[in-house]
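Colleague: Okay, so TrEMBL annotates it like this:
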type: TRANSMEM; residues: B:21-43; note: transmembrane segment
type: TRANSMEM; residues: B:63-93; note: transmembrane segment
type: TRANSMEM; residues: B:105-130; note: transmembrane segment
type: TRANSMEM; residues: B:136-153; note: transmembrane segment
type: TRANSMEM; residues: B:174-194; note: transmembrane segment
type: TRANSMEM; residues: B:224-245; note: transmembrane segment
type: TRANSMEM; residues: B:257-274; note: transmembrane segment
type: TRANSMEM; residues: B:281-300; note: transmembrane segment
type: TRANSMEM; residues: B:306-330; note: transmembrane segment
């Protein structure tokens, strides 16, 4: 086990420290002898794949879980033998979970200050005092919002600020943020990081739990890496690179060679000319060849998903033509598109990509029922064959095919979603943000599958706002901005920083 | 774009083939045991005769309720759709001689009654599928419309005076099995096959869990919704025709009390009230339990009102038991996984 390196922000006494913490759930160790330390005002990053013990550690610190044996938590000079949620709250420990846990129908002021009026004894709600508290806290963050608007009228970025403001009510000393940048655009992320710096200057420590590694390095003083419930090490952020953190998190090295190769000689599978949907995208022309992976990138709101949904027949174009293998096509619905050989993996796996409560087996066959129906009835044998074929072909790790999809990890869920579309025997596979909510290690596995499918001749459109993904995995990269294609790049003749400069300019 | 407020309705996964059957079967055994010990008259052909004749009306209406519930909806118009179907038969019979009407007239009445029920369901299905209005509102509107229409046509009275050959459809037996029961079991079998083996059945479950994700997967969600309510209306017609033969009369409002009992029966049969999960066979067992309970209490001299109260208590008890069972299963799964 690596030893702790003194951090850049090394102060005489840590704000929070706990050492040799183990947590066991029914015989399995979720944490094994982990030590953790945060300095006052430090911005600290807790990195690790899903299941590495990040959440368990936060729950030990906030008193939700009790560690095995005697594990003392020292916070702000006080030693706690048994931390409890109430004691943690009183001591100034705050957690902002990824789902934010806010009340969409209540106003901004109510969301920020409701804890002040929720007490043991019933009393009247003092709206004036609540608004005053909310206004004061938001001013500290250098922000002002309309206090009387219901929260649902605000974007996710604004809601996050409300969640931070709520955490600051009372005497906050440390704030844990769980995946705070997952659904933010670059500009919104920069604003959030400014707020984090403000908090840090005020002496409030911030612990980030984040997948987006570039941002982690930019904002953190130190990085603690966990893997399989063990501490890998604590590192000064300045000395780290994203690929180094990935290696530490997964214990593997990833080859990050550009996979691009020319497919200029192969026949075109999809040819789009002048495709337009007013207000969404305009005059889009592109071509995807057999065995080619076309990357499409651009910021949120650039029209990526709208373009994909139009190719998938779920939206009608106002102008332009779509040709498949040279034949013009017109889709009345996505059923026509599926029949014609187009598959679309949704960016929103939880709500649209998979039917989460239903079984793995049913999710695998839902788009290809035609293939297992004989004489009007679903053939159980054919269904089992189809399911077991795709589970083994894509290396999906599952308990039983009857288990709900929601029981699988993000990476395995995405494999199920890909398998569902491969079962329809497509010519063109559109992957819209295929690694959202998928661990770093599992992402590589997804892209290995994509590379293999392309090798077998499938035409693939890879949509992602994570530039490294399209840079390393696509043969060509199109840049979509405000609904127009503004650039085409060959990863073999451009560096990643050059591509980033072009797209973020 | 996923909103952080989006609370995904993650439901209990389908566990094995018979897990949802265990509850209703246990209740069946319990009811049999308690009443056989309480009164020696319980285990008699009379009890089972009364159950066999009473079960089909409620049972057919429950089958009509089952499909909409599985899609995450509801059909509040089932009883009045059944009444309108009965009225259609009565109208055809009366136009063709009333008591002297022939079998051909009855056959025509049945066909028109089925068409009327299907039409009622079709209209509701179209409105729900295309306007995306809530099924409760749409079916409530249809329920009020049908009741008003029926009361206007009958002036609130009974319609009777049917030919004698109709009586066996309500009271006759084939090889010792009551005709209404035969009809009900055939319909239940059809529903079982529909739900477990056909494309429509498969898609019903997918839509019930997440209609948007089903649409993205290429399911024709509108067609499924329209078919579900049409089939529901069709099943109401079958119930209405059986009720006409049982009572030898038609009155708008007949069977109105069954409406909420059908929801209860679905729930007792392990159907997820939010849709996506539930099978036909456990619902049939649950129906038998409810009927045995009311017949048993009747034998013990309790009033019909008390039986209704006991049904309500049973529902609450089942909810608590199901919660406790869920806790226990979760504990076992945790242990197994770690």
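Note: Cβ is positioned from N, Cα and C throughout, glycine not excepted.
TrEMBL does not curate its annotations; it predicts them automatically.
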Colleague: Rank B:63-93, B:105-130, B:224-245, B:281-300, B:306-330 by Cβ pairs under 8 Å to the transmembrane segment (B:21-43) and hand me the top one.
Modeller: B:281-300
Colleague: Flag the pair the transmembrane segment (B:174-194) / the transmembrane segment (B:63-93) as in contact if three or more Cβ pairs fall under 8 Å (sequence separation 6 or more).
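Modeller: Counting Cβ pairs under 8 Å, at least 3, so yes.
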Colleague: What parts of the chain pack near the transmembrane segment (B:257-274), using Cβ distances under 8 Å and only residues at least 6 beyond its ends?
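Modeller: Answer is 9, 11-12, 20-21, 23-24, 27, 57-58, 61-62, 64-66, 69-70, 72, 74, 76, 78-79, 208, 282-287, 289-290, 311, 314-315, 318.
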Colleague: Among B:63-93, B:136-153, B:224-245, B:281-300, B:306-330, which stretch has the highest count of C-beta pairs below 8 Å with the transmembrane segment (B:105-130)?
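Modeller: Stretch with maximum Cβ contacts: B:224-245.
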